[in-house]
Amino acid sequence: MNNISTTTDPKPSRRPQSGGYRQGNFKKTNFTNQTTQNKPLKVYKAESPRLKIIPLGGNGEIGKNMMIYEYGDDIILIDCGMMFPRSEMLGVDFIIPNISYLEERKNKIRGLLITHGHEDHIGAIPYVWPKLQCPIYATKLTAGFIESKCEEFGLKPNIRVVQAGDKIQLGVFKIEFIPFSHTFLDDVGLAFDTPDGFVIHIADFKLDTNKLESQKVLGKLHEFSEKGVKVLMLESTNVEIKSEKIAESVVHDTIANIFTKTKGRLIVTSFASSLDRIQGVLNAAQKTHRKVAIAGRSMEKAINIAMNLGYLKVPQNILVDIRRTDNISDDKIAILCTGSQGEEYSALVRMSTGEHRQVRIKKGDTVVISAGAIPGNERTVADTVNNLYRLGAEVYYGAEREKIHSSGHAKRDELKLVIATAKPEYFIPIHGEYRHLVLHTKLAVEMGVKEGNAFAIEDGQIVEVHDGKANISAQKIDASYVLVDGLGVGDVGNIVLRDRQAMAKDGIFVVILTVDHETGKIVTSPDIISRGFIYMREREDLVFKARQEIKKMFQKHNEKYPANWDFIKKAMRNELGEFLYAETERRPMVIPVIIEV
């Protein structure tokens, strides 16, 4: 089947160092980050082998999920995701896990096991794998997404495709892949035996007890409970939510009804990896005799992968090029696009601001946002909806209120059912902010786990399981953020962020002094550049006073410390900053520059 193509989303420009292709033939890379350079290796005292459980991401935050399981000379890793930056992390594209602990133990790593192909579980692979170069184990669809992502970075990692029900052994770990339902097809959990007990690791999932698949999962968990589950690791995203779950079939029915009653052009956005939802849109379009155009590179890529691997059934001749939709009447076209989270350069956002090349929103258009806002994205989604309304569109949003979205994460009652069925001796919640983890431990205690056996741990903390008991270790590892900013990986830290925040808040004030090399005197009046602080034409009085103060400051310090430019610049920065605050009650970043001529 031919691949579809669009011209809507710019391609990513980041290219980390390339890794090797085949197993046993890996190329050494120069991947570094600021958290590992110039740091001595940590020395731990000798100890008898024991199971160590260490979250590198996802515990205390939503995103960048990554877990270490270590026993003696063997390490397995589960997931390797990215996280969107917080609002104060200006200019940062995303955050990935800190792998300094793993770099020191690279020869112990037996494999990276991936539960599913969402970005918060695979997004960091192109940045982490070149350094670790371990085998990656993933189901077929997830492997397809990983391969596609790595190709953009010139990487060809060693991916070993598995399927639900498979059993493998990596070092001392005897692992079984368990099928789970999620918004990403081919989702799996992991159950594995270790010398210190049986562990179940369940990442993103949901249960529908009316479906045979969920009944089989519960049966499998009961089977494990009969053998004895030492530790249950369970996602916590929706632990606060008690409301009734909306089945995916209900969402499909809602979308079909919208297609049936809408007379104008339809524009639908969802997560690009929500293939079941995309299938529902394609089915609804076929029933209402609409063609479907794809807008957005990530949506295009996801559909191509799913089509080629047989996970998406695309009706014949239903897809059309987004550039040719002008020739199709509005009641015969639907556009499937990116932008459900209000992403800056996504197709829907550019439509809402009138910047999309092919699609102009107009009165009579209907937009369906079939996704819930990820925490932190609420404002950008709201802005997009407001702009769509301004352009005259009818907008279905509000996820569960409109029954146009079903969460892929288990809610409180589903979590209770899993805990009650698995009957773990110890419980560690994962994938959530700290409040989620605490609430989840309390829920586990309600369901029969002993109060001292439920641990709310954050990234970098270590749980040790040994001689039948589990405890939180006093030791911690470095799990600080590694920030990705353009081509830079780990070269943006707290100082850079603080400077960006200062400039964003109060602007920048640059003073350029031209000084005679022989006499040390100022040759011309100081040049001043202000950005984000004052508009100089409207504050000529302040600029004049500032120039006079600058001359006085320079003369005073140069007489006392002649030609000691570093000291003079530092002193002027502090004094000029105080002067500007006294005049404006604002603190711009002050940068004095001295040029000798």
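Cβ atoms are placed via backbone N, Cα and C, with glycine included.
Those TrEMBL annotations? Automatic predictions, nothing curated.
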Site-mate of His116, His118, Asp120, His121, Asp204, His431 for Zn(2+) in TrEMBL, selected among His182, His405, His466: His182
Near-site residues: Zn(2+), ref His116, His118, Asp120, His121, His182, Asp204, His431, CB cutoff 8 A to centroid: Asn65, Asp79, Gly81, Thr115, Phe184, Asp187, Ala203, Gly408
Structural state of His182 (Zn(2+) binding site), classified by DSSP into three states: coil
Cα-Cα distance linking Glu235 (active site, proton donor) and His182 (Zn(2+) binding site), given in Å to the nearest integer: 12
Length of the line joining the Cα atoms of His116 (Zn(2+) binding site) and Glu235 (active site, proton donor), in Å: 14
Residue counts (helix, strand, coil, in that order) that DSSP gives for the domain 'Caspase family p20' (112-164): 24 helix, 10 strand, 19 coil
Greatest C-beta neighbour count within 10 angstroms, which of the recorded positions His116, His121, His182, His409: His121
